[in-house]
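Here's the structure we're looking at; comments come further down.
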Amino acid sequence: MSLQSYDKDIYDLVNLELKRQCDHLEMIASENFTYPEVMEVMGSILTNKYAEGYPGKRYYGGCEFVDEIEQIAIDRCKELFGCEFANVQPNSGSQANQGVYGALLNPGDKILGMDLSHGGHLTHGAKVSSSGKMYESFFYGVELDGRINYDRVMDIAKIVKPKMIVCGASAYTREIEFKKFREIADAVGAILFADVAHIAGLVVAGEHQNPFPHCDVVSSTTHKTLRGPRGGIIMTNNEEYAKKINSSIFPGIQGGPLVHVIAAKAVGFKHNLSPEWKIYAKQVKANAKKLGKVLISRGFDLVSGGTDNHLILMSFLNRDFSGKDADIALGNAGITVNKNTVPGETRSPFITSGIRVGSPALTARGMKEAEFELIANKIADVLSDINNASLQEKIKGELKELAHKFIIYDKATF
């Protein structure tokens, strides 16, 4: 029986979401469009199989084929990042990070991560996260120019003397200099942990420096710029760390892994290893740069003055509207972004003074610099007359026409 005939409520909502994805311009930096073959294997019979443990060391029988699947995913992941060990079982980036902490830290140990309000992530020690409750967390941030001051990070590290330094961000527009973080970690005897969830797709294409060999441990999601299924991974070159990480994931915080998602990760990694991937990643950066350049020319402020990666941060500190206002107005015009705090923030995290705008999803649809120039001008038009509802409706229609020239899916399920 089909989903449509068995559960029309869910079927209809899934197809409404398909329409939204096709009609709107998805510019949330952490979102992307995965491949049909990735979704196909996620919807396969692999979802039926329990496989507690690791390849060759399972607690259930009948794992001979899923062992091979997981090993393929592991091998492809190692090839992608140029590392010796990989765990492909984490169900999310947050669980991957939790697994790293559980493996290498004791409760109460000090960690030094990027401040959430400056572009870090909840799992880098934010007080509302388990990472900020189980461990004593300290923070570095960016200067008013939106860039990390590595000398300042060194000063903080020497005062704090953390057991672990976390580098990586969810809203940082410049290249992360892992070598400088290595020097800081060595100066204070800290473990260096990189969370590259946002930039992984650029890293594996050579469009951003690789955290290896500088970092002791690296985590990532497999969606975002990698365009795979939703999930997490952990990599290292340290065999002792690898064993501890494996134990921290299973049986530490997870039971049976999601075999259908691990298979989907393997399929995604095959895409990431293809020659076409480098073309995609290069275009992601080019599109983000074009977006930023046009917005600056239209008089808008960008944190750090531009971008080295897949996203820009627009700052409205000098405007009479908020990030939330911009988020809503652009949404009404058919452009999906997210409100975001910015350096020197004066508003609450629920209101903010900025928005985060990314290029990966529209690049996946086939859009290039010409389309991003047009879109940037439409963003500027909306924000220059932010209360003009009729203008928003007009632009929504224009952008829907553009979106329909770059349809990526013709159905909702695979």
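A Cβ is built for glycine as well, from the same backbone N, Cα and C atoms used for every other residue.
For Leu116, Gly120, His121, Leu122, Glu240, Ser348, Pro349, Phe350, the entry in Swiss-Prot reads (6S)-5,6,7,8-tetrahydrofolate binding site, with the evidence type sequence analysis. When secondary structure is read from DSSP and collapsed to three states, Leu116 ((6S)-5,6,7,8-tetrahydrofolate binding site) falls in the helix class. Here Leu116 ((6S)-5,6,7,8-tetrahydrofolate binding site) comes close to Leu122, His124, Ala126, Thr341: these same-chain residues lie at least six apart in sequence, with C-beta atoms under 8 angstroms from its C-beta.
Cβ-based neighbour count (10 Å, all protein chains) for His223 (site 'Plays an important role in substrate specificity') stands at 26. Marked as site 'Plays an important role in substrate specificity' by Swiss-Prot: His223.
Marked as N6-(pyridoxal phosphate)lysine by Swiss-Prot on the basis of sequence analysis: Lys224. Taken residue by residue with DSSP, Lys224 (N6-(pyridoxal phosphate)lysine) is part of a helix. Other Cβ atoms within 10 Å of the Cβ of Lys224 (N6-(pyridoxal phosphate)lysine), summed over all protein chains shown, number 26.
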Just to be sure I understand the packing, how many Cβ atoms besides its own are within 10 Å of the Cβ of Gly120 ((6S)-5,6,7,8-tetrahydrofolate binding site)?
25
To the nearest Å, how far is the Cα of His223 (site 'Plays an important role in substrate specificity') from the Cα of His121 ((6S)-5,6,7,8-tetrahydrofolate binding site)?
16
Give me the CA-CA distance between Glu240 ((6S)-5,6,7,8-tetrahydrofolate binding site) and Lys224 (N6-(pyridoxal phosphate)lysine), in Å, as a whole number.
29
Euclidean distance between Cα atoms of Pro349 ((6S)-5,6,7,8-tetrahydrofolate binding site) and Lys224 (N6-(pyridoxal phosphate)lysine), Å
23
Under 8 Å between C-beta atoms and at least six apart in sequence, can you list the same-chain neighbours of Ser348 ((6S)-5,6,7,8-tetrahydrofolate binding site), or say none if there are none?
none
Provide the number of Cβ atoms within 10 Å of the Cβ of Glu240 ((6S)-5,6,7,8-tetrahydrofolate binding site), excluding the reference atom itself.
10
My understanding is the cutoff is Cβ-Cβ under 8 Å with a sequence separation of 6 or more in the same chain; which residues meet that for Phe350 ((6S)-5,6,7,8-tetrahydrofolate binding site)?
Lys324
